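What Swiss-Prot records for this protein:
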- 12: active site (ACT_SITE)
- 137: active site (ACT_SITE)
- 95, 96, 97, 98, 99, 100, 101, 102, 103, 104, 105: ATP binding site (BINDING)
């Protein structure tokens with residue numbers, strides 16, 4: 001069978017992250033805003049008739065049973081009873097473990113793409129439900145919209161954000177999400193916030209002080225980036241970002257990036273490139289269908 005290529009898995013940044021408390025099951029109650037970016041990883045798929053799932057590229061060092069792309073495909077098989085398999089190739093363009101949602105976005109793209117290619121016919125809501133079983137960030141990528149999020153991050157409300165460009169910097173270290181959320185000194189009692197507070201800039205990242213105190217590279221990157229625009233950490237790190245009104249401003253700052261770090265410029269978008277692809281395929285199917 002032929003390859004189906006150029007399936008995007010876009011990045012996100014957390015415009016803020018408030019921790020409201022901890023649930024009895026140990027998960028934290030959060031408020032955040034997921035800003036989808038126009039940059040990310042890319043996947044390709046080839047349907048297999050034998051039911052096997054084979055992945056290569058990007059994260060070859062990760063065992064298949066720990067890889068979200070394979071786990072997402074297997075979950076879709078098990079849920080629908082589909083007997084088809086797939087070859088999956090991941091072109092990894094985002095830094096691993098940087099707080100950009102790369103693994104979650106990869107899983108969401110697998111669910112959406114194989115749902116189409118296998119003809120399993122699940123709705124977006126059903127796919128988002130499967131995604132939540134894989135990780136709290138997966139549903140926002142399944143829906144493909146910049147959103148306000150609550151709960152563990154799964155209760156989503158699409159929001160409009162200003163048209164901005166972002167300089168995203170990876171300071172060369174990896175921060176463990178589990179370590180951050182288990183930390184004794186982490187703020188866990190923030191008052192609930194509002195979308196109007198976000199728009200007024202009265203928000204923060206509750207994980208940032210602890211990470212800055214324990215990861216010198218993140219602290220240095222935030223200090224450097226703050227020289228150009230208000231900087232903040234995304235998620236639990238290690239990536240940090242700053243917003244700019246114009247692309248040229250962001251690229252001028254990127255040109256001065258210290259050699260030890262990596263960075264890129266991306267635009268914030270309301271709808272993801274994955275959602276755009278799915279809509280384009282549906283429009284094509286509608287045009288080609290019977291009249």
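Backbone N, Cα and C atoms are what each Cβ position is placed from, and that goes for glycine too.
Counting only residues at least six positions away in the same chain, the Cβ atoms of 13, 14, 175, 233, 234, 235, 236, 237, 238, 239 sit under 8 Å from the Cβ of residue 99 (ATP binding site). Residue environment of residue 137 (active site) contains 27 other Cβ atoms, counted within 10 Å of its Cβ in all protein chains. Listed in sequence order, 174, 175, 176, 238 are the same-chain residues at least 6 apart in sequence whose CB falls under 8 Å from the CB of residue 97 (ATP binding site). Between the listed binding-site residues, namely 95, 101, 103, the fewest other CB atoms within 10 angstroms of a CB are found at 95. Residue 12 (active site) is surrounded by 27 other CB atoms, counting those within 10 A of its CB over all protein chains shown. It is 9 Å from the Cα atom of residue 103 (ATP binding site) to that of residue 137 (active site). Here residue 95 (ATP binding site) is positioned 16 angstrom away from residue 137 (active site), judged by their C-alpha atoms. In sequence order, 11, 94 are the residues of the same chain, not among 95, 96, 97, 98, 99, 100, 101, 102, 103, 104, 105, whose CB sits within 8 A of the CB centroid for the ATP site. Comparing C-alpha positions, residue 12 (active site) sits nearest to 101 among the binding-site residues 95, 101, 105. Sequence-distant neighbours of residue 105 (ATP binding site) (same chain, 6+ residues apart, CB-CB distance under 8 A): 9, 10, 11, 12, 40, 41, 137, 141, 274.
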